[in-house]
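Novice: This is the feature table in TrEMBL:
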type: SITE; residues: Asn9; note: site 'Discriminates between blocked and unblocked aminoacyl-tRNA'
type: ACT_SITE; residues: His19; note: active site, proton acceptor
type: SITE; residues: Asp91; note: site 'Stabilizes the basic form of H active site to accept a proton'
type: REGION; residues: 187-238; note: region 'Disordered'
type: COMPBIAS; residues: 190-202; note: compositional bias 'Basic and acidic residues'
type: COMPBIAS; residues: 207-216; note: compositional bias 'Polar residues'
Amino acid sequence: MLIIAGLGNPGGKYAGNRHNIGFMAVDAIQRRHSFSPWSKKFKAEVSEGEIAGEKVLLIKPQTYMNLSGDSVGEAMRFFKLAPKDIVAIYDELDLAPGKARIKVGGGHGGHNGIKSLDAHCGKDYRRLRLGIGHPGDKERVHGHVLGDFAKADQAWLEPLLDALADNAAMLVKGEDSQLMNKLALATGTKPDDDKAKPDKAPKAQSHIHQARSTQPKKLPATGPMADMLKKMFGNKGE
């Protein structure tokens, strides 16, 4: 069994936030693979299904981001799972928009949701980071992560979520390199270009890098994912 935890904040106020890309990712997987309707358990919304012959529990903690580990840890203990049986999907300031990276273990990078998971689940779980870019100024970070994706972001956000849902079997089977290639192909990014490079990086904030602008290939905004994003963001721009 595998737990795939998308991190975010509950409620309509936060639904379109960059910080909620983890919720968006598990929503996309849930729809694509005909999982059970969302129900409430473990201080979370959960949905059960099967991918590549493996039982999978999708989980969206409803504890707010900073306490995500309360929820995921409770589910892990209930099913008697180990950290290796957990995948956390979350936003990453340190990657340019549309980039994705996955690894086992590591630091929290200042992400409070990951701090909480580390405390409740241990550190040796898989972490799928989805880049949202950095605003370039430390003082603007809070507003950036808790701000909604702009209409222009749909050019990479929709293909990224679609590709993740389409290739969820790779995530379940641990085919991480293949998955990264699929996501990079869908968004027009390079799988070997790791971090967002700042135009000017203040040394005092060397742990956070300003995301450079990218030009991912644009795909037609059609299909269920496009409809979902249009409902979420409407026609607003910045």
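Using N, Cα and C of the backbone, Cβ positions are placed for all residues, glycine too.
Caution: TrEMBL annotation is automatic and unverified by curators.
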Novice: Can you give me the Cα-Cα distance between Asp91 (site 'Stabilizes the basic form of H active site to accept a proton') and Asn9 (site 'Discriminates between blocked and unblocked aminoacyl-tRNA') in Å, rounded to a whole number?
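Specialist: With the alpha carbons as reference points, the distance is 12 Å.
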Novice: Measuring Cα to Cα, how far is Asn9 (site 'Discriminates between blocked and unblocked aminoacyl-tRNA') from the residue listed as 'active site, proton acceptor' in Å?
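Specialist: Their Cα atoms are separated by 8 Å.
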Novice: As a test of the contact definition, list every same-chain residue at least 6 positions from the residue listed as 'active site, proton acceptor' whose Cβ is closer than 8 Å to its Cβ.
Specialist: Gly8, Asn9, Met65, Asp91, Val145, Leu146
Novice: Using other CB atoms within 10 angstroms as the count, which residue among the recorded sites Asn9, Asp91 scores least?
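Specialist: Among the recorded sites Asn9, Asp91, the sparsest Cβ neighbourhood within 10 Å belongs to Asn9.
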